[in-house]
Each structure stands twice: as structure tokens, then as C-alpha cells.
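One structure below.
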């Protein structure tokens with residue numbers, strides 16, 4: 001579905017181009033935040049771990065490096081989810097136009113009104129909180145010796161991909177008036193499709209400037225995914 005989202009550039013490039021603006025603004029802000037964290041993290045870790053001052057240099061350095069890596073990895077996971085949430089808030093009018101264009105192209109008319117600005121803000125705040133919990137879990141897993149780093153990377157990809165897909169598809173599902181219980185059942189029945197879409201989107205975000213280029217396509221692709229899940233849940 002993400003590929004089909006990118007293909008929508010050919011159908012309505014003007015609308016898709018608008019979706020780049022909020023993505024670029026939020027991306028720049030988050031990159032600046034991560035860079036600032038990376039620069040200041042060694043000093044912060046030293047201040048937070050005074051008990052390690054008396055350790056041998058090797059163990060002190062190894063421990064503080066591990067703590068810094070875990071903290072930065074957790075911040076990166078949170079940044080992935082926060083990027084989507086904040087971008088959807090900042091660019092709500094732009095992404096609503098992309099959603100409406102995709103729905104109109106498919107059916108000739110959108111199925112109903114979108115969730116509205118404040119409903120979108122609430123949904124995005126929930127996503128941020130869930131992302132924070134995911135970052136904490138990933139950070140704790142990363143502490144596990146030997147397998148922690150690999151396990152944290154895999155778990156982070158799964159948790160973040162799941163959250164991304166659900167938030168991106170929220171507008172299309174809200175417009176159809178699907179109640180919470182039915183939505184949860186729908187998401188469970190299509191868990192692998194949504195997870196695959198979310199992980200693919202996340203991988204595109206890892207490419208330099210990929211988050212900016214991918215965001216409009218992700219909104220379009222998530223709309224198509226939500227439509228497909230509602231119309232043909234078994235596909």
C-alpha cells in the first residue's frame with residue numbers, strides 16, 4: 001500500500017507537494033533535538049551516574065557508554081513516533097486534502113467528514129504517550145547483555161511500525177464512523193497488513209530526508225489500506 005501511496009504523486013502532485021511542507025519543518029526540529037541530545041548526552045550521563053566515578057576506567061566507560069546508547073536509542077524511537085504525531089497536527093489541513101483526494105479518486109466522494117482538528121490532536125497525543133512507553137520498553141530491553149541491542153532494534157521496529165500505521169489510518173477509519181470496539185477487531189484481523197505497512201514506512205524514514213518525502217505517500221497509502229481493510233478484511 002505504501003507503493004500505491006507513492007503512485008498517487010502521479011494523480012495529484014499538487015496536493016501531495018503540500019504534504020512535504022509540515023514534514024520538512026517537523027523533521028528539521030526533531031533532527032536538531034537529536035543532535036543536541038547526542039552532543040550533551042555524555043555530560044548528562046556523567047552527572048546522572050556519580051556512583052560510577054569510583055569504578056575502574058574500563059568499567060566506568062563501558063557502563064556510561066551503554067547508558068548513553070540506550071537513552072539515545074529510546075529518544076530515536078520516540079522521535080519516529082513523535083514525528084508522525086506532530087506532523088499530522090501541524091499539517092492537518094494539508095493531510096486532510098490528501099485523504100480527501102484519495103477517497104474522491106476511489107469513490108468520487110469522501111465517505112464523510114474527517115475526525116476534526118482537536119480529535120486529531122487527541123489521537124496524536126495518545127500516539128506520543130504510546131511512543132514514550134515503547135521507547136522505555138525498548139530502552140530496558142537494550143540493557144540486556146549480548147542480545148539486548150539486536151532485540152531492542154527488532155522490538156523498536158515492530159512497536160513503532162504498529163503505532164505509525166494506526167495513527168496514519170485513523171482519519172480514514174474515523175470518517176467511516178467505525179466505533180472503537182469494531183475498530184479494534186478490524187485492526188486485529190488485519191494486524192499483519194498494518195504492521196507491514198508501518199514497518200515499511202519506518203524503514204523509509206531511516207533514509208536521509210526519507211521522512212519528508214514519505215509522509216504524503218504514507219497518508220495516501222494508509223487511506224488505501226484502511227479502505228481495503230474495511231471493504232475486504234480477508235484480503
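Every residue number used here counts from 1 along the chain in the order it is shown.
Just so it is clear, glycine is given a Cβ too, placed from its N, Cα and C backbone atoms.
Nobody curates TrEMBL annotations by hand; they come from automatic prediction.
Annotated by TrEMBL as transmembrane segment, the relevant range among 168-193, 194-219 is 194-219. Distant neighbours of the transmembrane segment (194-219): 1-2, 5-6, 8-9, 16-20, 22-24, 27, 80, 83-84, 87, 91, 95, 98-99, 157-158, 160-166, 168-169, 187, 225, 229; these residues of the same chain sit at least 6 beyond its ends, with a Cβ under 8 Å from one of its Cβ atoms.
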